[in-house]
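J.: Would you mind keeping the following structure in view while I ask a few things?
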Amino acid sequence: MGGISSDNVHGLLLALSSSIFIGSSFIVKKKGLKKAGANGTRAGSGGYSYLYEPWWWVGMITMVVGEIANFAAYAFAPAILVTPLGALSIIVSAVLAHFILEEKLHIFGVLGCILCMVGSTIIVLHAPLEKAITSVKELWSLATEPGFIIYICVVLVLVAILILKFAPKFGQSHMLVYIGICSLMGSLTVMSVKALGIALKLTFEGKNQFKYYQTWIFTIVVIVCCLSQLNYLNKALDTFNTAVISPVYYVMFTSLTIFASVIMFKDWDSQNASQIASELCGFVVILAGTFLLHKTRNMGGTLAGEPIIITNSSSEHRQSTSSH
């Protein structure tokens with residue numbers, strides 16, 4: 001039986017603080033959007049008066065802090081622990097909206113919050129221990145093993161097919177085309193973010209990792225994948241209902257990220273069947289809570305008009321929702 005290592009605790013605390021900052025930022029940004037809308041053209045009508053509203057900028061700064069904490073969390077804990085905890089930002093937003101914006105939370109929304117917390121607890125208690133990494137070269141070795149190379153090739157082929165064949169014909173009518181591109185690229189983003197985070201952590205400890213070309217390759221992958229995600233997520237948000245996109249994107253992104261992490265970092269090699277089953281059950285419970293929250297959001301008015309996007313890798317993704 002694996003216990004909760006100190007690195008996992010650090011990763012957990014960073015992931016929790018990330019959810020608090022990001023969840024709070026939605027409320028602060030919405031407060032700024034409301035004030036800006038009262039004094040000028042609303043963002044939803046194409047206005048940019050919110051750029052002159054201090055509250056909106058406070059919200060953006062809060063979100064950036066949350067994203068930095070999320071980035072750092074991957075340097076300490078496995079993706080299978082950090083990524084699902086992104087759902088907790090919904091709870092923070094829903095609760096703060098209930099008390100600050102007076103947007104009432106439906107009773108089933110409360111149940112959704114509880115399910116998310118229970119699922120997160122299950123995952124935290126059964127998360128695998130992070131393997132000690134002493135050099136970015138070890139990460140490169142993991143990333144270039146046959147199993148993960150095959151995964152990368154499959155992802156790139158699927159993304160190419162979706163972009164070149166399906167997006168032009170079905171992108172405007174089938175949500176899964178754009179969401180599929182975002183989720184597939186997102187799984188590679190998180191793996192590279194984790195590698196870059198560990199490289200930074202080792203560098204701060206006095207072991208400079210930026211002298212290795214592998215670190216720069218991971219950096220380039222992060223930039224390219226993030227830009228690709230941002231482009232296609234914005235297309236999805238501009239075309240489809242955000243309340244539907246959010247839970248579907250969360251499920252696909254988190255599932256593929258966990259799958260990629262299991263292949264690259266072999267998270268489950270040190271665990272028995274009972275621990276793995278517990279983690280999967282925890283993930284399913286979080287999914288149930290997430291869908292319940294989104295399904296009932298309009299019943300109680302929770303964050304009506306301020307869509308919530310659950311992602312662990314790009315503040316711009318969330319920023320794009322602020323205009324709704």
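Each residue, glycine too, has its Cβ placed from N, Cα and C.
Where the annotation comes from TrEMBL, it is an automatic prediction and has not been curated.
Keep in mind that what you see is a predicted model, and the values were worked out from it rather than measured.
The feature transmembrane segment is assigned by TrEMBL to 12-28, 55-76, 82-101, 108-128, 148-164, 176-200, 212-232, 244-264, 276-293.
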J.: Can the transmembrane segment (108-128) be said to touch the transmembrane segment (276-293) if we require at least 3 CB pairs below 8 Å and skip pairs under 6 apart in sequence?
T.: yes
J.: At an 8 Å Cβ cut-off, counting only pairs 6 or more apart in sequence, do the transmembrane segment (244-264) and the transmembrane segment (148-164) clear the bar of 3 or more pairs?
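T.: Contact confirmed: at least 3 Cβ pairs fall under 8 Å.
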J.: Counting Cβ pairs under 8 Å that sit 6 or more residues apart, are there three or more between the transmembrane segment (276-293) and the transmembrane segment (82-101)?
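T.: In this chain the transmembrane segment (276-293) contacts the transmembrane segment (82-101) - 3 or more Cβ pairs sit under 8 Å.
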